Amino acid sequence: MDKEERKIINQGQEDEMEIYGYNLSRWKLAIVSLGVICTGGFLLLLLYWMPEWRVKATCVRAAIKDCDVVLLRTTDEFKMWFCAKIRVLSLETHPISSPKSMSNKLSNGHAVCLTENPTGENRHGISKYSQAESQQIRYFTHHSVKYFWNDTIHNFDFLKGLDEGVSCTSIYEKHSAGLTKGMHAYRKLLYGVNEIAVKVPSVFKLLIKEVLNPFYIFQLFSVILWSTDEYYYYALAIVVMSIVSIVSSLYSIRKQYVMLHDMVATHSTVRVSVCRVNEEIEEIFSTDLVPGDVMVIPLNGTIMPCDAVLINGTCIVNESMLTGESVPVTKTNLPNPSVDVKGIGDELYNPETHKRHTLFCGTTVIQTRFYTGELVKAIVVRTGFSTSKGQLVRSILYPKPTDFKLYRDAYLFLLCLVAVAGIGFIYTIINSILNEVQVGVIIIESLDIITITVPPALPAAMTAGIVYAQRRLKKIGIFCISPQRINICGQLNLVCFDKTGTLTEDGLDLWGIQRVENARFLSPEENVCNEMLVKSQFVACLATCHSLTKIEGVLSGDPLDLKMFEAIGWILEEATEEETALHNRIMPTVVRPPKQLLPESTPAGNQEMELFELPAIYEIGIVRQFPFSSALQRMSVVARVLGDKKMDAYMKGAPEVIASLCKPETVPVDFQNVLEDFTKQGFRVIALAHRKLESKLTWHKVQNISRDAIENNMDFMGLIIMQNKLKQETPAVLEDLHKANIRTVMVTGDNMLTAVSVARDCGMILPQDKVIIAEALPPKDGKVAKINWHYADSLTQCSHPSAIASEATPVKLVHDSLEDLQMTRYHFAMNGKSFSVILEHFQDLVPKLMLHGTVFARMAPDQKTQLIEALQNVDYFVGMCGDGANDCGALKRAHGGISLSELEASVASPFTSKTPSISCVPNLIREGRAALITSFCVFKFMALYSIIQYFSVTLLYSILSNLGDFQFLFIDLAIILVVVFTMSLNPAWKELVAQRPPSGLISGALLFSVLSQIIICIGFQSLGFFWVKQQPWYEVWHPKSDACNATGSLLWNSSHLDNETELDEHNIQNYENTTVFFISSFQYLIVAIAFSKGKPFRQPCYKNYFFVFSVIFLYVFILFIMLYPVASVDQVLQIVCVPYQWRVTMLIIVLVNAFVSITVEESVDRWRKCCLPWALSCGKKIPKAKYMYLAQELLVDPEWPPKPQTTTEAKGLVKENGSCQIITIT
């Protein structure tokens, strides 16, 4: 096998990686060991930081199949390296490892073949992960996932559970009987312990890991260097600061580990009952569960310790831990195609597709429904970190790096500082050699330049603004689990919103119903709760077709179901465990009308009277429920009226879907027109259908019948019209975002015309804007995929800006040409099906549609995630605001995902708002902008601080002098740290503005700002340094120098002079040092004021009272000790006395410096706002962002947007680069 081979694991997935094989080389290891000794351990540190260097330095390439070590590199933009050691799992060591047991193979690496002759589904057994001769399996662990060697694909692959490649039929036929004890033990050997092990590292381990951070190693190097130069006080101060920083970091990291550990520990070890092949029930610990175990769900509920598919019974589950949605969800058993001859056929089981039948790890089972003697059973499909909760925990434990231009530019800037330090390093060596300085002193002073140029406090200073922003967000009810994303939120220029519960109220009000009789719509009716309708099929559907349940006596479930059930005023009763036990079958949920609604006599003949009627009692039992599926956009139930021989099937859902499943002759001919009339007004419309089932369908047959056998050939019954009002604050928030030039997009699962109406009503689409509906059709019957373009236009303005009023907002299709379209704004609207077709067959059109796509309706959860990715691909910074239930993927994928949830923190989203209002979005963007500008300010200040101090030291090195220990201490602690941590306290500006903050440090205006301030500070510092030498009283300073007495200004205490003789050898005390110290101290404060930006992104600096007080105090203190020297202060700071006239001269230099610095910085700001856009427009510079470049192209494209009533077809196969030929048919 080729030793230079490279393979890909997790291909096509988010964690796709390249893999290389290596074997340990003894001679390389010996050379590295020698290098470690020669470098005093530094080489070992370097190899610790760089895993790829470590592997390449100690190993040689080898075939992946036979290697001892694997080197992994992610294929994303970060190209991160990891290494892992190959381990061997010996199956022969297990007591059950007999030839017979070894022949029982795992289907697709996971499923046990319980038959003697494995089918095609079972062709991949355990042997594909092992070598047949020794029965040993080679594997490695990366990010808590085990990857086993697969002989079939000649690559490493992670061991899958029953969640992939297993059909629904196979679930029942091959796995529902349970495992033998031997096979259970065998699988446990492979899958390991079922736990999401979040081990809280020991303090010592965390300490070592933290201390070995390059930043602290550099600080350790600095402290050792300063100590050798007898800068003990400054070195001690840095040590104290580092200890405080390390302790604080350790506390924070350990606290996060403990919180995460406690979150997963709730279900880590519980006792569960499992069914074995011989039908015995065995009680085991949840940690011993393996895929294939049949778990018995207890009657009183439990916290799920794994992912399991329900095969018997019904469960009410709270999934708030995963989704943030507190509404209980009903889970039913997985459909069994093998027992239903009318089913459409078998399908592969998938936890996401079949999530209504899957119990997810960490969720709470509240109640169960069961048959006596037939317990509620679920088959374990995934364990440990493979579960849905395990994957979430992994995303927290091993987050992807934050790809943000600011951080990339910061590293480049640090490299620039290192280069500057290198110049100073060389200059110091040359200057010292020319002055015949001792070798030891040369080495110390040269290295000292490096420690000055790269400021040790930079990382802490950069995070200060984020920490303060996080605290401010917490005060307004926004919680964050990813603080680094706060800065990124400052760059958001597009926000996607879910509709229901986000833009609109959670609750829907029943506006009315419109029933159908004889395939014709009756007049709309407002009141459903009346005697005339109580026994109609329409009301029976409302009473039964829902997923409501009683929890602790309170009716709970989906808000939409609750509103419908409350509207009819019926009563729901559920059987108790005792009542169920008295029967040989599960007791159904029963609904019945209150007595006052039941008519005393037979209703009029024109009412629907298909239901069997009892004179005394009328109630309906819900026999079987097919829960709502967002993919299918419908739900259905099978019910029976008490005393009736036949059962009834009821269905409700999206009108278009329901109509397609009904007999065509029962659907009114004007169905589409009536539906559009309601949806264009912003109403949410739900259709109902019904049919009588055959009498041969018994109770038990219904429990095993497929969904498709029920949901067809229905009778269309009519429409329910729900009014979904906008939240009061929605229009104002969207208006604020529009004023700030932040695009808004609606992503909803609702009807498209309803979504367009709501978008107009809330101001997302202005009345004068055009709406283009893209209807994409997939290839069919040899015809290529195509897109039909329809134009919609609003004739009247919205009736009320804050609610979807009952007055009509009619929408008409525009068929005439729109010559003025280029002069108006336009928006694209499409549904989820069209979006998927366009992604697959019209990839060239996707960027164009993303530029103006505003309404995306009927979107499934995975389509929402794809939309976020498509928007990011054209360089938008995308925010997403949703309820956390169906938006988990999109919330995590967006640059800034914010979930509206009552929970303080949700793993579903980086940000969580306790206030269920989109007002959190502008608040988050404002704080993000403030934090971003703070980071820029702090970085610029720290860069200037290092350059100013670097130049001060370089100047003094030229006369073989330096800053004193306490001078360093005063500058770094009293000035720099105080200024950095107070200048970061500026709150966010009170409103969003159209201007956007810069995204990186490498920009013309920002670089000019920094370079101009560097030149100014160097210039004035040089002026003071060389001018002091020209003074008539100047002389080379020595302990007996007395320039002050020469001018009669001040008499120094002679004892003070005598005490300074011990410092002569360092030449700290001299006139140049004193001059440079005073001027540079003022310069730090000057650039702090110049760089402390206020509006439009932060409050003015004069409102930052801590900063103002700190700067004034420092100014007054430095000015006082400069103009009126205090002997004790001068002695500590090693300042010499200079004539009063020179002190005044230094003050003038400082004042002029301040004037020039602040004036130049203000000019740079004005130049950026006024001249830069003009310069860019004159130069016709190509925008960096793809969407801006695309917008320029489309302005001159005569074929875009598509003309009314045209069709775009995809011609030929999609090419490798994703392009396709487009033809437009008028």
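Using the three backbone atoms N, Cα and C, a Cβ is placed for every residue, glycine included.
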Co-listed Mg(2+)-binding residue [Swiss-Prot; alongside D498, T500] among D76, D875, D883: D883
Residue pair Y231, T1207: same membrane side in Swiss-Prot: no
Averaged pLDDT, computed only over the residues in the topological domain 'Cytoplasmic' (1-28): 81
Residues of the parent chain within Cβ reach of the transmembrane segment (1106-1126), under 8 Å, 6 or more residues beyond its termini: 974-975, 978-979, 982-983, 985-986, 1050, 1078, 1081-1082, 1085, 1088-1089, 1092, 1133, 1135, 1137, 1140, 1143-1144, 1146-1147
Remote residues contacting the topological domain 'Cytoplasmic' (1-28) - C-beta distance under 8 A, at least 6 residues beyond either end: 55-76, 82, 143, 147, 154-158
Surrounding CB atoms that lie within 10 Å of the CB of R684 (ATP binding site), all protein chains: 23
Same-chain residues at least 6 beyond the ends of the transmembrane segment (206-226) whose Cβ lies under 8 Å from its Cβ atoms: 45, 48-49, 232, 234-235, 238-239, 242, 246, 249-250, 253-254, 444, 447-448, 451, 454, 456, 459
Stretch-level contact, the transmembrane segment (941-961) and the transmembrane segment (1074-1094), CB cutoff 8 A, at least 3 pairs: yes
Maximum Cβ pairs under 8 Å to the transmembrane segment (1000-1020) - stretch from the list 233-253, 963-983, 1074-1094, 1144-1164: 1144-1164
Chain residues in Cβ proximity to the transmembrane segment (963-983) (below 8 Å; excluding those fewer than six residues from its ends, i.e. six or more beyond): 230-234, 237, 241, 455, 457, 461, 464, 934, 937-938, 941-942, 945, 949, 952-953, 956, 1066, 1068-1069, 1073, 1076-1077, 1080-1081, 1084-1085, 1088, 1091-1092, 1101, 1104, 1106-1107, 1110-1111, 1114, 1132-1134
R684 (ATP binding site) versus T500 (Mg(2+) binding site) - Cα distance in angstrom: 10
Neighbouring C-beta atoms (10 Å sphere around the C-beta of T500 (Mg(2+) binding site)): 23
